[in-house]
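Written out below as structure tokens is the structure these notes cover.
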Amino acid sequence: MVKRDQRSASDRSQHPSTAHSDSEETIIEDRDSSRNQVDGSEEEGQDPNLVDWYSEDDAENPLNWSVPRKTFVTFCICLITTSVYSGSSIFTPGVQEAMQTWRVGQVPATFGLSLFVIGYALGPMFLSPMTEIPAIGRTFPYIIALTMFVLLQVPSALTNSFSGFLVLRFLAGFFGSPPLATGGASISDMFAPDTRTFAMGVYGLSAAGGPALGPVISGFAIAARGWHWSMWILLWLSGFALVFLTFTLTETSATNILVRRARRLRKLIGKKELKSQGEIEQANMKPMDIVQMTIIRPWKMTLTEPIVIALNAYIAFVYAVLYCWFESFPIVFLEGYGWGLGVAQLPFLSLLVGSILGFAGIAFWNQNYYRPLYSKLYGKVPPEERLYPAFVGSFCYPICLFWFGWSANRTSWVAPVIGAAFFGIGTTCMFMSALNYLSDAYPRHVASALASNDIVRSLLGAAAPLFAGIMFRNIGIDWGCSLLGFVSLLMIPIPFVLYKFGPQLRKRSKMAD
């Protein structure tokens, strides 16, 4: 095999000086590789004009990237995820001040959280599945959406209009949605199934840690300077992520990388017939096909795929509980234990600590069970094997809810903090199992499956704060958490049922593999 260009087109576009200095070598390598590919295709009876990977070890294939490069790109995905996810809850310590400033009740003031979450529930319907279009890829939507997200924080921090603030929060959630729904697909682009669990665990840690960090990083600033500062902090955090990612984030979509390769080869050797498979498919696309891909398919999966329905229901419940914490924690620690506004946000770190413990458990399971199984079965591992962490996670929720509910304001503050940590453990285990299972069960429609999950969980998560405050104040933290705990007990069988009947459900599905 001839020597190949070791860098992706996106790498060269981001480093024009390097690309220019290596242009002669690149032209020779690409031209030779293209001719070699054409000759091999003719011998094998394949289309000689089809631009594909030069070999199974092609260095531009994200699955073949070096570990440091994969690690760096994963860090980038986690950075954008954390910066956006923290935006959902970063305003919550300022709710009481907002009520006084705008003279509104508890529920209307909570719209600042709920509308943000609704925004990133609806955003994936239009933005995330577009990343499956070969000519677009994943990096461009990330950068454009994050740019809009950053710009929206400026008027959000300056406005004194309640209605204007709510509109801006919805738009921020809408444009912040791509990394939340597509981050898992980006991870799947780079990692083979046996190593994906660890990488997806890191991504899940950033997703779970974002909402937990939001009140922590804004609580003291809001106490000292007012709620407007929560938006300035979000601007700085997301602005740093935007600048950093604009210059460092590389494309992970294999189809987009091959589209760029085909364009480069057409320019280098002057053969217009050269096309990638993605370009061929895109050329045959009709407007209705794009609508089908970006809007209809996620909703179709939401309504017709039993596996997607079951996991969406469970993860949606988890998100509802997560956003209930932003109503229960102030009641327990601010009012019950009498802590100051800034200090009362620190118990949210218990969710992050629990998430780290859950991630450590998943890493141990992956190293000692899943990877050996993957090698033993030569990569033909049933997707249902991904569900073992969910078995553990399903029991963490009732433990968390009953423990927190019946220890809060009855014992030392340490007890409810420890109880809340079980939520972090369960969420990391459940989130990772769901993302990996959906990725393995629907490899052709990963972005749509994850967008479906994001839509459902975000809609219920948005509704939760609107009723949670009323529920906890009317029936108490103890019985409010118990009510959620009883629901979590009913949810426990879901991963076990999917493990048993998942193969039959996938066999009947037209979308699953």
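Backbone N, Cα and C define each Cβ position, glycine as well.
Here's what TrEMBL has on this protein:
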- 1-14: compositional bias 'Basic and acidic residues' (COMPBIAS)
- 1-53: region 'Disordered' (REGION)
- 67-506: domain 'Major facilitator superfamily (MFS) profile' (DOMAIN)
- 72-95: transmembrane segment (TRANSMEM)
- 107-127: transmembrane segment (TRANSMEM)
- 139-156: transmembrane segment (TRANSMEM)
- 162-181: transmembrane segment (TRANSMEM)
- 202-227: transmembrane segment (TRANSMEM)
- 233-259: transmembrane segment (TRANSMEM)
- 307-326: transmembrane segment (TRANSMEM)
- 346-366: transmembrane segment (TRANSMEM)
- 387-406: transmembrane segment (TRANSMEM)
- 412-438: transmembrane segment (TRANSMEM)
- 459-477: transmembrane segment (TRANSMEM)
- 483-501: transmembrane segment (TRANSMEM)
Positions on the same chain near the transmembrane segment (346-366), where near means CB under 8 A and six or more residues out: 197-198, 201-202, 204-205, 208-209, 211-216, 219, 325, 329, 332-333, 388-389, 392-393, 413, 416-418, 420-429, 432
Contact between the transmembrane segment (202-227) and the transmembrane segment (72-95) (3 or more Cβ pairs under 8 Å, separation 6+): yes
Cβ contacts under 8 Å made by the transmembrane segment (233-259) with residues that lie 6+ beyond its boundaries: 8-11, 14, 51-53, 60-63, 69, 72-73, 76, 79-80, 83-84, 86-87, 90, 131-132, 134-139, 142-143, 146-147, 149-150, 153-154, 156-157, 186, 189-190, 217-218, 221, 276-279
Dominant neighbour of the transmembrane segment (139-156) in 107-127, 412-438, 483-501, by Cβ pairs under 8 Å: 107-127
Mean of pLDDT values spanning the domain 'Major facilitator superfamily (MFS) profile' (67-506): 90
Contacting positions for the transmembrane segment (412-438) when only residues 6+ beyond its ends and CB under 8 Å are counted: 184, 193, 196-197, 200-201, 203-205, 207-208, 212, 307-308, 311, 314-315, 318, 321-322, 325, 332-333, 337, 347, 350-359, 361-362, 383-384, 386-390, 392-397, 399-401, 403-404, 446, 449-450, 453, 495, 498
Folded-back contacts onto the transmembrane segment (307-326), same chain, C-beta under 8 angstroms, at least six residues removed: 88-89, 92, 113, 117, 211, 215, 301, 348, 351, 397, 401, 420, 423, 426-427, 430-431, 434, 437-438, 441-442, 449, 452-453, 456-465, 468, 472, 484, 487-488, 491, 494-495, 497-498, 502, 505-506, 509, 512
Long-range neighbours of the transmembrane segment (72-95), counting only residues six or more past its ends (CB under 8 A): 65, 106, 109-110, 112-113, 116-117, 120, 142, 146, 149, 169, 172-173, 176-177, 179-180, 183, 186-187, 190, 199, 202-203, 205-207, 209-215, 217-219, 222-223, 226-227, 230-231, 233-234, 237-238, 240-241, 244-245, 248-250, 252, 323, 326, 330, 341-342, 344-345
Cβ contacts under 8 Å made by the transmembrane segment (387-406) with residues that lie 6+ beyond its boundaries: 318, 321, 328, 358, 361-362, 365, 369, 415-416, 418-423, 425-430, 432-434, 437, 477-482, 484-485, 488-489, 491-492, 494-496, 498-499, 502
Long-range environment of the transmembrane segment (162-181) - Cβ separation under 8 angstroms, sequence gap at least 6: 77, 80-81, 84-85, 87-88, 91, 98, 102, 104, 108, 111-113, 115-124, 127-128, 131, 141-142, 145-146, 148-149, 152-153, 155-156, 207, 447, 450-451, 453-454, 458
